[in-house]
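**Student:** I'd like to ask you about the structure that follows.
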Amino acid sequence: MSWGTELWDQFDNLEKHTQWGIDILEKYIKFVKERTEIELSYAKQLRNLSKKYQPKKNSKEEEEYKYTACKAFLSTLNEMNDYAGQHEVISENMTSQITVDLMRYVQELKQERKSNFHDGRKAQQHIETCWKQLESSKRRFERDCKEADRAQQYFEKMDADINVTKADVEKARQQAQLRHQMAEDSKADYSSILQRFNQEQWEYYHTHIPNIFQKIQEMEERRIVRIGESMKTYAEVDRQVIPIIGKCLDGIVKAAESIDQKNDSQLVVEAYKSGFEPPGDIEFEDYTQPMKRTVSENSLSSSKEGKPELKFGGKSRGKLWPFIKKNKLSLKLGATPEDFSNLPPEQRRKKLQQKVDDLNKEIQKEMDQRDAITKMKDVYLKNPQMGDPASLDHKLAEATQNIEKLRLETQKFEAWLAEVEGRLPARSEQARRQSGMYEAQTHQTVTNCAQDRESPDGSYTEEQSQESELKVLATDFDDEFDDEEPLPAIGTCKALYTFEGQNEGTISVVEGEMLSVIEEDKGDGWTRIRRSEDEEGYVPTSYVEVYLDKNAKGAKTYI
């Protein structure tokens, strides 16, 4: 089956059909494009939905996610976020593998179609021109034949007329011969043109048109195959993400299976357990005897030391938990005691434990800050030209004082915690281990303060810390570094950012400035550089890009 032989006379219909095929292809491209937009919109809506129901940081909602059901819901939200990402992948792959590819192919297809039909019209115009030449030669041959017949008849008429001179007869004879010769020439020309036209027509219908139509047929079949392949790709793009989407759904199922109702119930107990014992039986009140209304000694209302016993009688007979109202009222008025004594024992223990943990974190933070200041002071002591060590004494003393205050505060809350848990304070050894840089004198001070915590007249005198010792060290090192020669450069560096050196021992640099490195970072986060022979100092290592010489420790880059 070939369009060249079967559809040799359907040039116009083939032109319409191929244009229709291109329109179908463009329609499919538009369909895929709209599908990608839908996928993107769906993914965006899923992400917004997941974000909407995510717990807000530092809010009550975040505390609720300790329950397994809430954790499962959070996992579901995260899985839905990944699920949305797969729909974005579908959109991206369909755009790159189908839409962009087919749009490029459509342009190539239009050019090829235009070229083929241009060749077809050119062949068509050529055969039409040959046909016109044939018709012209045919009409000329017909006209010459008629002229020859008329000239022959005129000659015969003149030859039969006795009144016509011999010269006129001869002239008529010559004219008849001339017309006859012209007719013969026209006949030969017509025969030649007819033969040539038949040859051109045969080649047109058996060679040119079949070849052109064959190209058009192949072009159309490639278009059909291409759209079929695109449809397969369309399905494959979806199929490729199915395993990942399945994993997302499996993650949701796994999260759902991880829900533990017993664990959630236990968390409710831990969150709201008061620690009180249920009230005991109410004694019978004999109104025949003098009024003596007391509550059972086993009642929770008398379980707190130092609290007045509650009397039940009259309208308050059925209220077994009057202290709850009192606690709620104190909370509403904002009169929360420092030791959380307004809370039930279990809740009080949790609050105190949390407070102790927070204080320990603050102590560790202050200790890190103190260590950094001490390290900087050591640098100043070894290199007096970098700065005055005494300028850091105030900060060092302040950091030490803050640590002491936090430790006293921790001791206070630990004592309250021990009281709630029914044990004696026993954390002094652990505190000593955590603060190994403290002097023995400091430990003794903390211990004394902890022992006298509840004595209103107890006094605390803060012992001087490392300040005096550092001053002595500064004096010892002054003479040693007075005549120190300038350190040689070990490399160069480029300032990545502008740094304003406001403290002693630091140096200001401008972004992009090149300087010499005379001492690399020793682990304290500072690099020593030099701008000129008399201008040097420390800059943060993260602010420069260092290039050490080959004879140094090797090229390094600090960013």
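Cβ atoms here come from the backbone N, Cα and C positions, even for glycine.
Where the annotation comes from TrEMBL, it is an automatic prediction and has not been curated.
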**Student:** TrEMBL tags one of 41-68, 125-152, 349-376, 517-544 as coiled coil - which one?
**Tutor:** 349-376
**Student:** Same-chain Cβ contacts of the coiled coil (349-376) under 8 Å, 6 or more residues past its ends?
**Tutor:** 270, 275, 339-340, 343, 392, 395-396, 399-400, 402-403, 406-407, 409-410, 413-414, 416-417, 420-421, 434-435, 437, 466, 470, 505, 524
**Student:** Quick check on the domain 'REM-1' (342-419): DSSP residue counts for helix, strand, coil, in that order please.
**Tutor:** 72 helix, 0 strand, 6 coil
